[in-house]
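This report concerns only the one structure given below.
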Amino acid sequence: MRIYSLLILSFLLLASAVLINSAEMPRSEKSLLYSIMQGREDSEEGRCLGPMDECNVFDDNCCAGWLKCNCDWGFAGNCRCSKTPKEG
């Protein structure tokens, strides 16, 4: 019973982290947070194309299909579009 409780708790924590990351923020707060998180920006990375401000590894259209989406935590967190073509 204890293992099931830990599994459910860990799933809920993961789900809440994804929801918090994808939640819409006011534009002023988002731009402030965006400028703080850009300290590691380099010339090989760029902003997403289209209406989205951040890329998503599950949405190829965000990076125009031929660019690769890289995130700090694999699928979320400070996602950036890379100029490297996707493999496969």
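Cβ atoms are placed via backbone N, Cα and C, with glycine included.
Residues annotated as disulfide bond in Swiss-Prot, with similarity to another entry given as evidence: Cys48-Cys63 (among others).
Among the features that Swiss-Prot reports, disulfide bond is placed at Cys55-Cys69 (among others), with the record citing similarity to another entry.
Within 10 Å of the C-beta atom of Cys81 (disulfide bond) sit 20 other C-beta atoms, taking all shown protein chains into account. Classification of Cys81 (disulfide bond) by DSSP places it within a strand. The disulfide bond annotation in Swiss-Prot covers Cys62-Cys81 (among others) and rests on similarity to another entry.
For Cys71-Cys79 (among others), the entry in Swiss-Prot reads disulfide bond, with the evidence type similarity to another entry.
The signal peptide annotation in Swiss-Prot covers 1-17.
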